[in-house]
Amino acid sequence: MPTIIIDNIPYQVKAGSNLLEACLGVGIDLPYFCWHPALGSVGACRQCAVKVFKDEQDNSGRLVMSCMEAIKDGIRISVQDKGAKAFREQVIEWLMTNHPHDCPVCDEGGSCHLQDMTVMTGHDYRRFKYKKRTYVNQYLGPLVHHEMNRCIQCYRCVRYYRDYAGGHDLNVFGAHNHVYFGREKDGILESPFSGNLAEVCPTGVFTDKTLKQHYTRKWDLTSAPSVCQQCSVGCNILAGERYGQLRNVLNRYHSEVNGYFICDRGRFGYEHVNNVNRIRQPIIRNLTVEAVDETTLLTHLQQVINNRNLIGIGSPRASVESNYSLMHLVGKENYYSGISEDATFIERKIVDILENGGIHTPSLKEIENADAVIVLGEDIWNTAPVMALSVRQSVMKTAAREAMTQISTPAWNDAAVRERVQEDRGYFANLAITESPVDEWSTHTYHSVPDNIARLAFAIASKLRPELPLPEGMPEADLQLAERVAGALENAKHVVVISGSGPGSETLVRAAYNIARAVQEKGKTAGLAFVLPESNSMGAAMMKAPSFDKALQRIRKENNTTVIILENDLYRYNSTTDVDQFLDTCKSIIAIDSLNTLTTGKAHVLVPAATFAESDGTSINYEGRAQHYYQVFMPANPCIKESWKWLWKMKSLMAGSANGQEHHPDEILKQIESSYPQFTGISASAAPADFRIYGQLLPREPHRYSGRTAMLANIGVSEPKPLDDGDSPFTFTMEGYQGLPPAPLIPFYWRPGWNSVQALNKYQQEIGGPLRGGDPGIRLFDRNDKVASWWFNDTPEAFAGRTGKWLLLPQYHVFGSAEMSRWSAALDFLTPQPCISISQQDAAQLGVSEGHMLTIETDKERFSLPVAVRSDLVQGVVLAPAGFQSIPSLAWGTWIKIMA
Amino acid sequence: MLSNLRTMWLVFVHLFKKKATVQYPEEKNTLRPRWRGRIVLTKDPDGGERCVGCYLCAAACPVDCIALQATEDKDGRRYPEFFRINFSRCIFCGYCEEACPTYAIQLIPDFEMAEYNRQNLVFEKEDLLIDSQGKYPGYNFYKVAGMDAGVKKKGEGENEEPPVDIYSLLP
């Protein structure tokens, strides 16, 4: 490690970084704007100036921009030098000549990097007596608010939006002191990662528009570390509450998972928590007054649960604790997963491969560092957006690494590296059903049906390892493509194969395994990742419960059955006829859920469940990482409880059962470990309920939290006792341990002098590295390092169209396919109209054109939607919207009829 | 002995001095304009609410007795949806007035707020808002702020250039 001397004090710093990173890394406050840990340095803002001295005798030194100066062993610099300080103050002063007098009405105020840096440099009075520059704002859609006057021209927004996230529609216009950051004309930002602009922008040009509707300053939010519930990636988030409403979601840094950025579905999909459609009171149907209190509910449940056959239906979106508690209540043999047999089969295969396949499941960070990525069938842009962002980083970083072998420029010197890279990209093959924005970064693309993709994948595996079978009758073009892809994988050192359950094809899962394994056998680092549909699909699949179809078969033979449905809208995962039949057969249906769904509409007893923001729980992401999320706030109505709390209450109602003792999440996790060996280690993901630092709890509220004695004064002038959940090491007050919390227990980012999210650098071991004390979460599959003996040898038949029938495949959309996100008004606005997509040839054959109504008829469902004609589809294939509201659950990969 | 006599003499002399005691409430004391009493919310010269819901008063309050919620009208002008001061907690320190960037919240020379019921000391916005500019006449925050919130258009505020023509490359 090189030693550098800052203001005559020697520090050991990380080699290969720049002076700014080094200074921040050792805890020195040095102001900056254009530098961002994920975007690198460009030296545009001139804010981070320091003095560098030639040697000990040099007293004058020279001013350099610390972000553009590489670390050299023994280099002497000064941050406190008078000249450097004056320079930095002047830079801020120039920036402030045009910055508007807006802070009171600016959403960034109180978490503003510009405010922090201004205070840090000491500038406090505007001496410039001339007028301020103004700009006209733009409408950028329902997610991001634009207020261009506040801009300080640091270029972070376009560098993030265009260079990092690959967007096109945000750009910089104009010249000299009139530059403008926006779109070519008003319109909705196209990138599904646009919300990060609010965090990237060091001032208030881009702010969160959904927060604006119920605006709260950062210091007034009650926050807790949480985990995004919108897809299987499991990004870490900070969720903030005020006055009983969830107000915003921010990125919570995790060096292995989401890094600095999350997608818009995660950032803006939180409003279901505040939705009017929430179930807020227990309901017993067919009573004179259906809404009841807890005592009445429990008395009623006692009759319904006892002396009946009891079965439980789990959920891929409920926490591990809730699923386990249900299993514990009804018994292992009466517990079902709640998803269809087909989906259960695929997910079981995925879990089997991850547990026993002997191939590492890469984290997003590892995907970013791979030098070849191949995606098989999964539409990652729409089902796991942040993973798509990681794949983009992989192709960009690989190209940058390649460039750096030819020039001696460090990786952080962003502009120089980009100049050298130009249009070069790392290797990425996207083999998918339809076109997707990720195709733009890919070296090879291939669009076909899952079986053909699987055949191509088997052919690639066979080229890599000739012992593996080559599918018969491959077209010459496909064989050549397989040759080229295999060649590229052979040249790579670190290959990542991504597939998933999205296309509904188990063959693809097997093909993906063959490629990853073949790569690994060649002595390369191989990673194999499978995208799953819901936030805790992996946790639910690891429980290996039988499918919903098995529950249906069983209930046909039984009568007098009570079913408990846990946070699951059965209609989303199973055919309407099956669910109707199932629900009609049950003697009584108890639904525990947070929102009203089709399923809860048929339940006899409705139990209000807490959402992620109101509960403690653990979910397991696609890589098998168990991540614990903490309760952000306590709902005003005590009837809204975590599902697992309700289930333990029900357990205590059962004859001859426990004494109704409360269980903390960490205790439940310990029980899970003892009943299911595959979950060994999961209890370490949650902090024990009695965890304290110097005997103190950790506050969920910043020390400047306001309104304590007035918030509830309209109800009663005497302040109530502070709330206490007892399940976590957090308190619902501002009192408690004020030091740096342990990495898994960071409720908000704040350090003295750093009010904005950029305070993060104080929480990291090194800039861009893990959090102090190690990143949170426990990877459950890492315990196995055995190598499987099996390969998959059965290749599928080539796709051939059938007359009068079409192959049904899913079309996902980043906004619309996720169950909860549609309850956010902004995301609902962005959800496209559902449509049925067919190829041009099929449209001609059926005599329909864009916008005509088409009817889909499967053996169980029948519905009509407008048609969209696409050029990237194979003849004989029809795409239907997946996961959309009011579209029934469909069996992907089946043959169906369509009628004009 | 001498001391006692001196004391009696002094008391006697004071009989002819001007009285400091005021016969309150029949007789009122004069309160200076900057006297820190009851808190009000004022209006700008155009009759609009001055409070922009920035939460600085609430943050400055050492007893946390101010709670509010900001909201916006159709022009994007911020105002408090509700604004509550719990006067049973207030210590009349005036920090809120000092923190207020828009001269909205002001302490006025009125202290006669006694109530039999403590709950009546919780003042809502309708109790606080007065139809006056208070101590600072002539100030309208939105005329000096950069943003357009229905008060003035971009570039029409005090000390503002007209909006930049982003299609121009002229210096």
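Keep in mind that glycine also has a Cβ here, set from the backbone N, Cα and C atoms.
Unlike curated records, TrEMBL annotations are generated automatically.
In terms of DSSP helix, strand and coil, the domain '4Fe-4S ferredoxin-type' (B:39-71) has 5 helix, 11 strand, 17 coil. Under the heading domain '4Fe-4S ferredoxin-type', TrEMBL lists B:39-71 (among others).
The feature [4Fe-4S] cluster 1 binding site is assigned by TrEMBL to B:C51, B:C54, B:C57, B:C100. In the three-state DSSP scheme, B:C100 ([4Fe-4S] cluster 1 binding site) falls into the coil class.
Summarising the annotation, TrEMBL assigns [4Fe-4S] cluster 2 binding site to B:C61, B:C90, B:C93, B:C96.
The domain '4Fe-4S ferredoxin-type' annotation in TrEMBL covers B:81-110 (among others).
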Nearest recorded site to B:C100 ([4Fe-4S] cluster 1 binding site) by CA-CA distance, among binding-site residues B:C61, B:C90, B:C93: B:C61
By Cα-Cα distance, the member of binding-site residues B:C61, B:C90, B:C96 nearest B:C51 ([4Fe-4S] cluster 1 binding site): B:C96
Chain A neighbours, filtered from binding-site residues B:C51, B:C54, B:C61, B:C90, Cβ-Cβ distance under 8 Å: B:C54, B:C61
Long-range Cβ environment of B:C96 ([4Fe-4S] cluster 2 binding site), under 8 Å and at least 6 residues apart: B:I39, B:C57, B:A58, B:A60, B:C61, B:I66, B:I105, B:L107
Cβ-based isolation winner (fewest other Cβ atoms within 10 Å) among the binding-site residues B:C51, B:C90, B:C93: B:C93
Listed in sequence order, residues not in B:C61, B:C90, B:C93, B:C96 with Cβ within 8 Å of the centre of the [4Fe-4S] cluster 2 site Cβ atoms: B:I39, B:C57, B:A60, B:P62, B:V63, B:C65, B:I66, B:I91, B:F92, B:G94, B:Y95
Spatial separation of B:C54 ([4Fe-4S] cluster 1 binding site) from B:C93 ([4Fe-4S] cluster 2 binding site) - C-alpha basis, Å: 19
Cα distance (Å, whole number) from B:C54 ([4Fe-4S] cluster 1 binding site) to B:C90 ([4Fe-4S] cluster 2 binding site): 19
Number of other Cβ atoms within 10 Å of the Cβ of B:C100 ([4Fe-4S] cluster 1 binding site) across all protein chains: 23
Which same-chain residues, if any, lie at least 6 apart from B:C54 ([4Fe-4S] cluster 1 binding site) yet have Cβ under 8 Å of it: B:A70, B:R78, B:P101, B:T102
